[in-house]
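Novice: Below you'll find the structure I mean.
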Amino acid sequence: MPVLVRFAPGSMARVILLALLLVSGLLATLPVEAMQAADAVAPAQAPTATEPATDAPPPDDIRGRFDFTFGRVAARLAELAAKLPLLLVALLIVAFAAWLGGFVSRRLHLLRLRTDNPYMDALIRNVLRALLVLSGVLIALELLQATALVSAVLGSAGVIGLVLGFAFKDIAENYVAGVLLSLRQPFAPGDHVVIDGNEGKVVALHSRSTLLMTLDGNELRLPNALVFKAIILNYSRNPKRRFDFAVTIDVGQSIHRAQSLGLEQVCRIEGLLSDPGPSWSVQEFAPTGIVLRFFGWIDQRHSDLGKVRSEAIRMVKAAYARAGIEGPRTTYHLLTARDESRGAEVRGDAEPVLGTDADTSVNRDIDAQLAEAQQAADGGANLLERGPDAR
């Protein structure tokens, strides 16, 4: 059954280039083989008038030069026609190697080389295809007895590669960084990250760049070398995320009442986690007001951080308005001497003196998540871990 070999446009161009390389190698070997054949068959035979001497110097007249040139061209064409079947066999070997490279690279699972990383799969596929095609080219050159051309090509490729290495240093650096990022995988598609101050969601990791979609819907492309060296903040690696917001009340309001009412409203929000539970703190006590800060945790897989935070602020503000808890005043009150003689007035809603049974224990909300992250961390010893003899 005949086998139909199909090539993509890019692969067809590479096959044509390899064919030209084989033809040039064959043409480079023709003069040497022609001289060797002439020496073996008739070493003492002088060239006749009808057979121009290919090694003799060209005559001085114009007609003699034309005859000499056409004679050399005819001799080379005759040698090429004699070796045409061998050249066709060499081209078939290269074409078969190119087809075999594509066939094997598309079936990595049969070789047990397939990984869960599509980027590494593409890299292994390209390396296998290149090795098989290179093997076919070497076999074809050996068949044409043009292996001397390989040394010349490799020597030239070394010099050209050195020049191109300096010229395309950034491209090579981005490509190597892409391979290392693919192996390490500090983020996954869809993760919410901040890379070197650029915030967005990961779209894809390409060979030379990382594609992000900003929260505004714009496409952001970062070089892999920059991503590899930058500080990466990944919001999506841990599904639990904390939100917080601040509320400022008047200095004359009861802190205990405000925090109790605020926590009650925060706990009523849908999507709030009970472990870790919500908390609060007094952030600042200033002449203009008392700043209270509330904290809560959500599961990012089921709740949106911005929506939950917005709803929490709305509910606390509405509850304070119903309870008569005022915010900071923007007006100043002047006390006259008559007011000072009366003494300081005590507000009716002043906060009662409480005991010292407030919770001041260490916050362990992060510790459990930190332990899970340390157990799931892959690769390398922890350089922060002390040995048994460390003090």
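Just so you know, the numbers here start at 1 and follow the chain as drawn.
Even glycines carry a Cβ here, placed using N, Cα and C.
Automatic prediction, not curation, is the source of TrEMBL annotations.
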Novice: Which one of these stretches, 31-49, 126-144, shows up in TrEMBL as transmembrane segment?
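Specialist: Result: 126-144 is the stretch TrEMBL calls transmembrane segment.
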Novice: Per DSSP, how many helix, strand and coil residues does the domain 'Mechanosensitive ion channel MscS' (170-237) have?
Specialist: 21 helix, 25 strand, 22 coil
